[in-house]
Amino acid sequence: MRPPGPRAPGLALLAALLAAPRALAEAPHLVLVDAARALRPLRPFWRSTGFCPPLPHSQADRYDLSWDQQLNLAYVGAVPHGGIEQVRTHWLLELITARESAGQGLSYNFTHLDGYLDLLRENQLLPGFELMGSPSQRFTDFEDKRQVLAWKELVSLLARRYIGRYGLSYVSKWNFETWNEPDHHDFDNVTMTLQGFLNYYDACSEGLRAASPALRFGGPGDSFHPWPRSPLCWGLLEHCHNGTNFFTGELGVRLDYISLHKKGAGSSIYILEQEQATVQQIRRLFPKFADTPVYNDEADPLVGWALPQPWRADVTYAAMVVKVVAQHQNPPRANGSAALRPALLSNDNAFLSFHPHPFTQRTLTARFQVNDTEPPHVQLLRKPVLTAMALLALLDGRQLWAEVSRGGTVLDSNHTVGVLASAHLPAGPRDAWRATVLLYASDDTRAHAARAVPVTLRLLGVPRGPGLVYVTLALDNPRCSPHGEWQRLGRPVFPTAEEFRRMRAAEDPVAEAPRPFPASGRLTLSVELRLPSLLLLHVCARPEKPPGPVTRLRALPLTRGQVLLVWSDERVGSKCLWTYEIQFSADGEVYTPISRKPSTFNLFVFSPESAVTSGSYRVRAVDYWARPGPFSTRVHYVEVPAPSGPPRPSDCERC
């Protein structure tokens, strides 16, 4: 499969990016990027999501292990280049059952937890492992010394089990964390006083340490309202800073990271402002924690995941998520504390949407529970916010100097137009120099259908390299919104196969084919960005070798005549990819390419008009220079009905 031939840069950009009406009254923004001027490391601190199963939590397995969630996690894990790495999950310990035998003490059944963690690992994801829940309601009071000791043994047993199952190198990457939001007192049937919470914390800490000192543990994962509110949050910090360890009697208890929850109330900058105020107070009260990593592992723009909001359906949400990331990497000068760059920033948006709001809840995918087929089945669509995570994944580890100005005035990241830019130095023959410039146009939760922002982007300092090319990817509502297509189709409750095909055609950004980069090392693009929108410029030198092989190809059933293919790019070795070529063979002998738009997402729904899906599949990467990599190992698929039994919606209204 070969990328389309290069076109004149001006005409190509007009075709792809100037579809918006001209913003006659607006002065243009000027974006300058210097590829020769690296500022600092750019860590991908945003690669996390999360969700909560519904009540009753003792039946969390019905949600966590449901077919719907298996599909959802396939989508989450299919973000290219590890663009989402962690799924922070509430009530994990409710997946364990406990039994007490005379003379034997407590014994545990880990079958459901094994299944969920296996599912994450299959999708190359890590758990954000909250030590939350009471197996079979055996733990009720953490001021009871016997229960505290038993809890330590449970945590140690759990950690040893998964070190043995997966290896320490994998489990040591997990973020073990306290019970979620302890000051909200969602403990189900567990009595949790301040002292009980501190005893619980020490039992978790020492249980993990007994399994391996390499395991990471932090908390408290809550709002940290100013004292005297949030007593468990502040009490835990006081305990870890000055208190006595329940088990060892030593002063001070380890706290590997401080996790807090600050959401935006509809504002991007409000997230950062709250974080800065809280962290400044923590560092003032507890100076030993000045260098302790800070996580905001629920940093959503708005509380209430199930609350339907039109902006959550389309590129408005996607652009706002990118804007929040940029504000954390480049804090506005007026906000002072530039030292606060969180070690982790997570959106809590891996929930499953439910009827009648498939697109407008705080989710990465849109779920349709299609009940007019026999048997009923589930379909997911990729929302623009999930595609935005794929664009963020194209950023690399060296942040470049970049500046946005308008009318001669330099603008910080708390404005409508912003930028993140990065560069990468090669690490092998399948790798080469590259640079990424990611522009956002975002007015937070507000969309302006008739407004476009004129922008001039100037990139300079690009070094000479073999086969140097550039590619643009644009994400906006007119062309890249499955929700918009759904509305144009009349908002069908049970879309047909053809309607799903039309909605999926809007999932990917609009890609302009690779073009030669100017020999001068400078490039100027004049564009008009829809408000909201994202625009990514990717500049790549040609590696010595073509891409490596696609691995882990799987086929998952959806319904008659439709199959989901998902694969891994872990051995592909290059980010400068134009598409994945997917080939199908009904007889396992003669393979033909499947016709589709260019896409580098590691997932594809095959839904041919012929409805013939039984056969063999293979996939290979194609780079910007039209060089294919090796095919994956083929996978053979025989059509079978997908599992049924859709899960209930989650109950966590304030998440």
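Placement of Cβ uses the backbone N, Cα and C atoms for every residue, glycine included.
Going by Swiss-Prot, these are the annotated features:
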type	residues	note
SIGNAL	1-25	signal peptide
BINDING	P53, L55, H57, W305	alpha-D-mannopyranose binding site
BINDING	H90, N180, E181, K263, E298, G304, D348, R362	alpha-L-iduronate binding site
CARBOHYD	N109	N-linked glycosylation site
ACT_SITE	E181	active site, proton donor
CARBOHYD	N189	N-linked glycosylation site
CARBOHYD	N242	N-linked glycosylation site
ACT_SITE	E298	active site, nucleophile
CARBOHYD	N335	N-linked glycosylation site
CARBOHYD	N371	N-linked glycosylation site
CARBOHYD	N414	N-linked glycosylation site
DISULFID	C540-C576	disulfide bond
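Using a 10 angstroms CA-CA radius around H57 (alpha-D-mannopyranose binding site), the recorded positions that qualify from H90, E181, N189 are H90. Considering only the glycosylation sites N109, N189, N242, N371, N414, D348 (alpha-L-iduronate binding site) has N414 as its nearest partner by CA-CA distance. Each residue contributes its Cα atom, and for E298 (alpha-L-iduronate binding site) and N371 (N-linked glycosylation site) these two points are 33 Å apart. Of all the recorded positions in the record (P53, N109, N189, N242, N371), the one with the smallest CA separation from H90 (alpha-L-iduronate binding site) is P53. The Cβ of G304 (alpha-L-iduronate binding site) has 15 other Cβ atoms within 10 Å, all protein chains considered. For H90 (alpha-L-iduronate binding site), the count of additional Cβ atoms within 10 Å of its Cβ stands at 25 [all protein chains shown]. Of N109, N189, N242, C576, all annotated as recorded positions, the residue with the shortest Cα distance to L55 (alpha-D-mannopyranose binding site) is N189. Under the three-state DSSP scheme, N414 (N-linked glycosylation site) falls in the coil class. When the recorded positions N242, W305, C576 are ranked by how far their Cα is from the Cα of N180 (alpha-L-iduronate binding site), W305 comes first.
When Cα-Cα distances from G304 (alpha-L-iduronate binding site) are compared across the recorded positions P53, N109, N242, C540, the shortest belongs to P53.
Listed in sequence order, the residues of the same chain lying 6 or more apart from N109 (N-linked glycosylation site) and placing their CB within less than 8 Å of its CB are I96, T97, A98, R99. A gap of 25 Å separates the Cα atoms of W305 (alpha-D-mannopyranose binding site) and N414 (N-linked glycosylation site). Ranking the recorded positions N242, R362, C540 by Cα distance from P53 (alpha-D-mannopyranose binding site) puts R362 first. When the binding-site residues E181, K263, R362 are ranked by how far their Cα is from the Cα of N371 (N-linked glycosylation site), R362 comes first. Spread of the alpha-D-mannopyranose binding residues is 18 Å (greatest Cα-Cα distance among P53, L55, H57, W305).
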